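> Input: one structure, supplied below.
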Amino acid sequence: MEYGPWCHSESNVFGADKAAFNHTAAALLAKLQTKAASGNSQLKYAVGSANVSRSTVIIYALAQCTPDLSYFDCYNCLDIAISFGLTSLYGEQAKIFFTSCNVRYESYSFYDSTKLISLQSSSSKSPPSSSGTPSSTQSSKGRSNKKTKVLIIVLVPVITSLLLLFAFIACYIVTRRAKARKKILDGDEIIKNSGSLQMDFETIRVATENFSLSNKLGQGGFGIVFKGRLAKGQEIAVKRLSKTSGQGEKEFKNEAVLAAKLRHRNLVKFLDPNKCSLLDWQTRYNIIGGIARGLRYLHEDSRLLVVHRDLKASNVLLDEEMNPKISDFGMARLFGVEQTRVYTRRICGTYGYMPPEYVQQGQCSIKFDVYSFGVLVLEIISALRINKFFNPETGENLLSFVWRNWLEDTALNIVDPSMSIMDKTEVLRCIHIGLLCVQENFIHRPSISTVIRLLNSQYTISPPMHSRPAFLLNNNDDNAVASSDESKNEATLSELDPR
């Protein structure tokens, strides 16, 4: 599968609000994206239309992939094309052509809907009636009766076999889903037999030098995290549950079991962190890529689909070679078979890193982690904390600060001043990716696989659309919370070149 767009936009929106137009187009294209990707090996194609709210404008859209693509390749290709079109070509008519897929949406019908369904063959002309002899009439009736009997003899076994097959498939699906439900308790999956993961207290006490503060790595919602060294020389991280912690045994077991079950080079190797001033640009760029690869493992490659729900700077640790390790799975959410989105009444996470749909509606999906990743990318580039940066005179927080500089074409002003040597193209690309990830509408956020493709690709950036988004309200609390205020952020991806 190849990427690299050719795009075209003929005119701006007339007679319709731009935001309403873009919102309607996004919803329509999301449906067509899934429908086209679900096509067969001969055709991956979908079209449709939708009315723009409070307007007479009708959007007609098309999504298509080359039939040799798999479902996921087609879906991801269209994901990039749709994100590209909605954020960069903010107009009424847009055509985005990649090598393996294309998307088009117009304000007029550009496809022939009559050719999109299988037409019934034209009715055959009835033979002229004839007043045949009684014998010929009886013989034709006899032949008709024989054909009917043969047809019944053939169809009955076939239909019976199909019904039995469908019944077997239905039983299999029901049984499989029932097993998946048993693994989910109160919305969070707790894997049993966690007792086998336990280590005696004396071993831990010796390894941490009796929990010496000189070995303190950090402090989170559970309590203090200590660095330790086992008798065989292996370095470990020990999390000691605080008496005042708002989290309990369930969350602690959930994290311990997940840490034991998941295996990836960018997950949970608890080693000592490094100060931001020691990180040059290449190291920061590698850290961003490592975090993205760790999330891709959780979302796509692991046998368990895991949403971390608390990805932030303090939960990304660095080893001696400055490789990032995602830690702290106490709030992680495991998804059952065929689950892509869940709703929860209990809102848990950290201010600034939680997306709007989660705080306002309790909606949780893999786009939760994508939003947190976008915030983290902007923090790594600027060396500013989302919950610590606030300008009381202008009311700016980190996201609004980055967005303003992006609009004013001064995005490099947000870069950490300690970085004197850097690849400006890579820095701008990462800022752009960060803004794409923190958009308010989760449909517009790219998947983590798309993020990795963008990190590894070469593309140029043109000025974004001039519309100011809303942002999460600032709060100087870095602890787990029960609720949060939030709003919108948007960004654009204007041009992609082939890899």
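Indices start at 1 and increase along the chain as displayed.
The backbone N, Cα and C atoms fix where each Cβ goes, glycine too.
Small disclaimer: the values here were computed from a predicted structure and weren't measured.
For reference, TrEMBL lists these features for the protein:
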- LYS239: ATP binding site (BINDING)
- 2-110: domain 'Gnk2-homologous' (DOMAIN)
- 211-460: domain 'Protein kinase' (DOMAIN)
- 120-142: region 'Disordered' (REGION)
- 150-174: transmembrane segment (TRANSMEM)
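Structural setting of the listed features?
In the three-state DSSP assignment, the secondary structure recorded for LYS239 (ATP binding site) is strand. The Cβ of LYS239 (ATP binding site) has 21 other Cβ atoms within 10 Å, all protein chains considered.
Summarising model confidence by region, the domain 'Gnk2-homologous' (2-110) averages a pLDDT of 84.
For the transmembrane segment (150-174), the list of distant contacts is empty: no same-chain residue at least six beyond its ends comes Cβ to Cβ under 8 Å.
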> Work out, from DSSP, the number of helix, strand and coil residues along the domain 'Gnk2-homologous' (2-110).
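Residue counts for the domain 'Gnk2-homologous' (2-110) by secondary structure: 38 helix, 30 strand, 41 coil.
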